[in-house]
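See structure below.
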Amino acid sequence: MIRHLLSAADLSRSDATLLLDTTEEMLRLTEGRSVKKLPTLRGRTVVNLFFEDSTRTRTSFELAAKRLSADVINFSAKGSSVSKGESLKDTALTLAAMGADGVVVRHSASGAPYRLASSGWIDARVLNAGDGTHEHPTQALLDAFTMRRHLGDLDGRKIVIVGDVLHGRVARSNVILLNTLGARVTLVAPPTLLPLGVENWPCDVSYHLDPVLPDADAVMMLRVQRERMNAAFFPSAREYSRRYGLDARRFGLLSDEAIVLHPGPMNRGMEITADVADSERSVIVEQVSNGVCVRMAALYLMLAGADETADDVHEGAA
Amino acid sequence: MSPQTVLVKGARVLGGEPADLLLRDGVIAELGQSIDAGDARVVQADGLVALPGLVDLHTHLREPGREDAETVDTGTRAAALGGFTAVHAMANTDPVADTAGVVEQVWRLGREAGHADVRPVGAVTVGLAGERLAELGAMADSAANVRVFSDDGRCVDDAILMRRALEYVKAFDGVVAQHAQEPRLTEGAQMNEGELSGRLGLRGWPSVAEEAIIARDVLLAAHVGSRLHICHLSTRGSAEIVRLAKARGLPVTAEVTPHHLLLTEELVATYDARYKVNPPLRTADDVAAVREGLADGTIDIVATDHAPHPVEDKECEWDAAAFGMLGLETALSVVQHTMVDTGLLSWSDVADRMSFAPARIGRCDAGTAAQGRPLAVGEPANITLVDPSVSRTVDPWQSASLSRNSPYEGMKLPGQVVATFLRGRPTVEDGALT
């Protein structure tokens, strides 16, 4: 298994499949049980290092680590020395001194988890919980897991991702992971919200939503911040939702089996209407519960027996 | 100071045939074969190339204000070790070098340190704020004798202000050195915009933001008949615009940094902020274009943009890190590696791109402290002896700079400056400061 989870690109197809299979196992072991705790990470310390507010993601990681019986420390920017200007390096050295085994990092700067993992400041396993506009690999894993539960094997499945790809980290990780798993991704956005060079990504790109909906097996709507219109990415929220929002009419263009996803938090009325978000084929709430299991699987595979594994010895020697 | 008499024996002048140079009273007193040493101290220079002392049109010496990163003294030590006998010090200090007082202070600090001539660059606008002209004439008339004006670090993006600056400096034969960066296109920009910036999730700094300003300024300079200098040109498109301008006979000059001759944006994928610089590292195609441009004369000079930063400003998140890299001690090696060893430039061309031309642009090629002069009898004895046959592994911790932010750490680069003479006096000998 990989040492750090920094990008969806760190995962080979077999790694990703193992992660999703392990997630299935975690779901089976906890679903419907009154006692949801497993002893696997007893004695291990997981630090949730959040330089950026995200109650949803932090809570999900915290719950995942606790269900595996790890000791969990929440180290958030607010109320810690980070807000007093303590550097990433000093924070890392502090956590290393505390004996953290795994560090879950959320940061507004792209690449911060990468720096933490590669700088030699800390020996712990690093999990990227969202960095800047770079990546959010566990979100992509939970999306893939949710899709797999409904659609089966994702090989050849058609996934449409709609919204702010430029500023979003979810789309990046999803394109990479879904491509690894054999799915065919189409990104839909106004040209202003697509990064330069997107034509070379392993996916298709469309400026129009309607034509790609009938063939889609899943549609993922991304959050679009209304403030973007102030920087001329689109003229108005109304025009955006008219051209790219998932409303009842567009929902009707989907096949009967197609599912709707959203990584949250939603802008109801902007990228998705309330009736679609709350429809039977919306799996948005399920994504949240699957998120905990995916993070359990990641923490388990990366931390359980981490000291004894052969690759660890190898990495230590490198 | 009364310089000793030195006989440099057997140096390949501009890479040509070996000759002896007798340095006496600060000038080259004799040049030829088998010169009698007399009472002169002999410096054996077999196999070494003799170049005119290098002139850097673009450094940041950080003093006054950021003496934790560099001082005039430490920066000019690094300069001497890199073979430079003159450096231009950019104006973005604290306080900004926008008055005669500040430029004279920097100039005087350079004189006191004595490792290389320091030529202060004056700010174009007060406080680099881009709002009104600084007292350019007062700086020109000061003891610092300023001829290069730049808001480097910031672009003079206001077209009317740029036009006026270009016009105004004609009165004292000055030149405006533009940091070409359209500000709105580069808000929050972190690296070259392209497929890689999209993948890394770092805000892009598009080539067009540089090229648009260069195109505008070339046209402005043509319109008002002024000299224009382009700082740290970094893209193929920029080189094409300057080439076109020169074909039209416009008085436009341009510089390229050593790092833009060697390094590409791929290094950013490490998120290691040592590779964060402004303008950003570009693509391999841009690197090829600036090498071609330097070879065919489109780009006139190499200037280091030596930009020291303390460790904590680089050992952090990419977004939070400072822009800039060290360059003085590695410049000649990078030029040898990218331009000489590839056959694109001869040593004689290197003398032009790193000494004659920058001195001409900076108007420090005449007078009592003339720089960038030919290696000929009667000329000031500003000489750099380089051994092109050796190579070394770059170790920033050995640098004379106060800072360590070299992007070449651990790289093996060819060439070593063995000695530097400033008006006949060695500032560096046997590869070490005297």
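Each residue, glycine too, has its Cβ placed from N, Cα and C.
All annotation found in TrEMBL is predicted automatically rather than curated by experts.
Taken from TrEMBL, the feature domain 'Dihydroorotase catalytic' applies to B:49-236.
According to TrEMBL, the Zn(2+) 1 binding site annotation covers B:HIS58, B:HIS60, B:ASP152, B:ASP305. B:ASP152 (Zn(2+) 1 binding site) has a Cβ environment of 26 other Cβ atoms inside 10 Å.
According to TrEMBL, the feature substrate binding site maps to B:HIS60, B:LEU61, B:ARG62, B:ASN92, B:ASN278, B:HIS309, B:PHE323, B:GLY324. In three-state terms derived from DSSP, B:ARG62 (substrate binding site) belongs to neither a helical nor a strand segment and is classed as coil.
The Zn(2+) 2 binding site annotation in TrEMBL covers B:ASP152, B:HIS179, B:HIS232.
For the recorded site, B:ASP305 (Zn(2+) 1 binding site), the DSSP three-state label reads coil. According to TrEMBL, the active site annotation covers B:ASP305.
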Cβ proximity for B:HIS179 (Zn(2+) 2 binding site), under 8 A, sequence spacing 6+, ordered by residue number, returns B:SER150, B:ASP151, B:ASP152, B:GLY153, B:ARG154, B:CYS155, B:VAL156, B:CYS231, B:HIS232
Neighbouring CB atoms within 10 angstroms of the CB of B:HIS58 (Zn(2+) 1 binding site), all protein chains considered, total 29
Binding-site residues B:HIS58, B:HIS60, B:ASP305 vs B:ASN278 (substrate binding site), shortest C-alpha separation belongs to B:ASP305
Within 8 Å of the Cβ centroid of B:HIS58, B:HIS60, B:ASP152, B:ASP305, the other same-chain residues by Cβ around the recorded Zn(2+) 1 site are B:THR59, B:MET90, B:SER150, B:GLY153, B:CYS231, B:HIS232, B:ALA303, B:THR304, B:HIS306, B:ALA307
B:ASN278 (substrate binding site) -> DSSP, reduced to three states, gives coil
Should one count Cβ atoms within 10 Å of each candidate's Cβ, the binding-site residues B:ASN92, B:ASN278 would be headed by B:ASN92
